[in-house]
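J.: The structure follows.
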Amino acid sequence: MKAYQREFIEFALEKEVLKFGEFTLKSGRKSPYFFNAGLFNTGRDLARLGRFYAAALADSGIEFDVLFGPAYKGIPIATTTAVALADHHDIDTPYCFNRKEAKNHGEGGNLVGSALEGRIMLVDDVITAGTAIRESMEIIKANGADLAGVLVAIDRQEKGKGELSAIQEVERDFGCAVISIVSLGDLITYLEEKGNATEHLEAVKAYRAEYGI
C-alpha cells in the first residue's frame with residue numbers, strides 16, 4: 001500500500017466518511033464497513049480529496065484527454081481533481097460534467113465545461129451497480145469520444161448478483177480499466193498494520209470470505 005492510500009484511509013476515518021460497525025446495504029447485505037463520500041463536504045475536504053484522486057491518476061499511468069464527472073456526485077470530484085492535477089502535477093486537464101436536465105436556453109445541451117472529446121477519464125465516488133457508468137457511456141459515445149478508464153474512491157471488491165463485482169462487470173462490458181484510490185484489500189492491510197482493531201479486522205475478513213471476488 002502506498003503512502004497516499006494510507007493517508008486517504010486515515011482522512012476518510014477522520015471525516016467519518018469511512019465507518020466500521022454493522023450497516024445494511026441497499027443489496028440487503030450486512031456490511032462491517034460503510035463509505036459515504038457525501039461527508040467530504042467542506043472546501044478543505046474537497047481540496048484534500050482532489051489530491052488523492054490526482055495521485056491515483058498519476059499512479060495509474062493511464063493516458064486521457066478530459067475528466068468527466070457524472071451528475072451529481074461526480075461533478076465536484078471532477079472539478080477538484082482537475083484543480084489538484086494542475087496544482088500538484090502540473091497537468092492542465094480539461095473537465096466536463098453533465099446536467100440531468102438538458103437546457104433549452106443559453107448555451108443549451110446537457111454538458112457543462114470542456115468539449116467531451118478524445119479519451120475520457122470518468123471520476124465518481126463508488127460503483128455499486130454500474131448504472132451511472134452505463135448512462136455516462138451513452139453520453140461519451142454520443143459525443144464521439146472513448147472511455148479511457150474509470151476512477152473511484154473505493155473498490156469494495158465484492159460480488160454483485162453473479163460471480164463478478166460491479167467493477168469487473170464495467171471492465172468487461174466497456175473494455176476499460178477501473179481504478180480506485182483504495183480497495184477492500186487496502187482496508188484490511190491498514191487494519192492489520194494498526195494492530196488495535198482486531199474486532200473490525202475479523203469482521204471485514206469474514207465479509208470478504210463470504211462476498212469477496
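Indices start at 1 and increase along the chain as displayed.
Glycine is treated like the rest: Cβ placed from N, Cα and C.
When I checked Swiss-Prot for this same protein, it listed these features:
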type    : residues                                : note
BINDING : K26, 72-73, 99-100, K103, H105, 124-132 : 5-phospho-alpha-D-ribose 1-diphosphate binding site
BINDING : F34, F35, T128, R156                    : orotate binding site
J.: Out of F34, F35, R156, point to the one nearest D125 (5-phospho-alpha-D-ribose 1-diphosphate binding site) in space (Cα versus Cα); all of them are binding-site residues in the record.
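T.: Closest recorded candidate to D125 (5-phospho-alpha-D-ribose 1-diphosphate binding site) by Cα: F35.
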J.: Between T131 (5-phospho-alpha-D-ribose 1-diphosphate binding site) and R156 (orotate binding site), what is the CA-CA distance rounded to a whole number of Å?
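T.: Per the Cα atoms, T131 (5-phospho-alpha-D-ribose 1-diphosphate binding site) and R156 (orotate binding site) stand 16 Å apart.
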J.: What is the one among the binding-site residues K26, F35, K100, I127, T131 whose Cβ has the most other Cβ atoms less than or equal to 10 Å away?
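T.: Counting every other Cβ within 10 Å of each candidate, the maximum falls on I127.
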J.: Given K26 (5-phospho-alpha-D-ribose 1-diphosphate binding site) and T128 (orotate binding site), what distance in Å do their CA atoms have, once rounded to a whole number?
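T.: Spelling it out, the Cα of K26 (5-phospho-alpha-D-ribose 1-diphosphate binding site) and the Cα of T128 (orotate binding site) are 9 Å apart.
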J.: List the same-chain residues at least 6 positions away in sequence whose Cβ sits under 8 Å from the Cβ of R156 (orotate binding site), in sequence order, or say none.
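T.: In sequence order, the residues whose Cβ lies under 8 Å from that of R156 (orotate binding site) (at least 6 apart) are V126, S165, S183, L184.
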J.: Specify all same-chain residues, apart from the site residues F34, F35, T128, R156, whose Cβ lies within 8 angstroms of the center of the Cβ atoms of the orotate site, ordered by sequence.
T.: L25, S31, Y33, V126, I154
J.: Enter the number of other CB atoms within 10 angstroms of the CB of D125 (5-phospho-alpha-D-ribose 1-diphosphate binding site).
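T.: Here the count is 20.
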J.: Compared by Cα position, which of the binding-site residues K73, K100, I127 is the closest one to F35 (orotate binding site)?
T.: I127
J.: Across the listed orotate-binding residues, F34, F35, T128, R156, what is the farthest Cα to Cα distance, given in whole Å?
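T.: Across F34, F35, T128, R156, the two farthest Cα atoms sit 12 Å apart.
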J.: Validating a neighbour-count step here. Other CB atoms within 10 A of the CB of T128 (orotate binding site): how many?
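T.: Looking across every protein chain shown, the total is 15.
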